[in-house]
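Take a look at the structure set out below.
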Amino acid sequence: MKIGSGEKLLFIGDSITDCGRARPEGEGSFGALGTGYVAYVVGLLQAVYPELGIRVVNKGISGNTVRDLKARWEEDVIAQKPDWVSIMIGINDVWRQYDLPFMKEKHVYLDEYEATLRSLVLETKPLVKGIILMTPFYIEGNEQDPMRRTMDQYGRVVKQIAEETNSLFVDTQAAFNEVLKTLYPAALAWDRVHPSVAGHMILARAFLREIGFEWVRSR
């Protein structure tokens, strides 16, 4: 288990991370962590590793791009003084290019995405024990689908930055691809973006695997 006793884990991202979390701080009980993968991760950490007392904060904001993360990074990440930061961003960076094709000011193209994400990781790396980079995803099994193809490019950037900075890497697209061998995309997300309960569990499982969570741990 890579996250240690009493350490603080902060999640940041878009609506997939947000999932109705409390404002201003997504921390605590009674739905404060939202209803998505963050809540599932916390539930399993508390159930299986209660002695670690890992503190979790959700700072996801629906609709965000990496550009938005940069604007709020100091307040929502650095000032929180986390031990670990998990970043999953990029879906809206890509999606706006397809659902709002003529509003180019909302598009975050690959070069800006890469430069901004790398800058945030490099700025934060010396201040924390570890960074976990999760790829954006598109719940579509056809790799030739235009938006899926673009999303894969952004995912490759995340992998490259993770390798460059020795960050943990969670390939969420690969996790979905495995389940898509059996299930139709609509079973996991009506719009191929916002996951169902099963979709969020896929994300949680992929995340937990990367941090060394032991599913068969006996206590």
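Every residue, even glycine, has its Cβ placed from backbone N, Cα and C.
The active site, nucleophile annotation in Swiss-Prot covers Ser15. Within its own chain, Ser15 (active site, nucleophile) has Gly60, Ile61, Ser62, Gly63, Asn64, His194 as residues 6 or more apart in sequence whose C-beta sits under 8 angstroms from its own.
Taken from Swiss-Prot, the feature active site, charge relay system covers Asp191 (among others), and the record attributes it to a curator's inference. DSSP gives Asp191 (active site, charge relay system) a coil state; it is part of no helix or strand.
Sequence annotations record features per position, and here Swiss-Prot assigns active site, charge relay system to His194 (among others) based on a curator's inference.
What Swiss-Prot lists as site 'Transition state stabilizer' is Gly63 (among others), and the listing cites a curator's inference. According to DSSP, Gly63 (site 'Transition state stabilizer') is assigned to coil rather than to any helix or strand.
If you look up Swiss-Prot, you'll see Asn92 (among others) marked as site 'Transition state stabilizer'. Within 10 Å of the C-beta of Asn92 (site 'Transition state stabilizer') we count 25 further C-beta atoms, all protein chains included.
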Between Asn92 (site 'Transition state stabilizer') and Asp191 (active site, charge relay system), the C-alpha gap once rounded to whole angstrom:
13
For Ser15 (active site, nucleophile): DSSP state (helix, strand, coil):
helix
C-beta crowding around Asp191 (active site, charge relay system), within 10 angstroms:
11
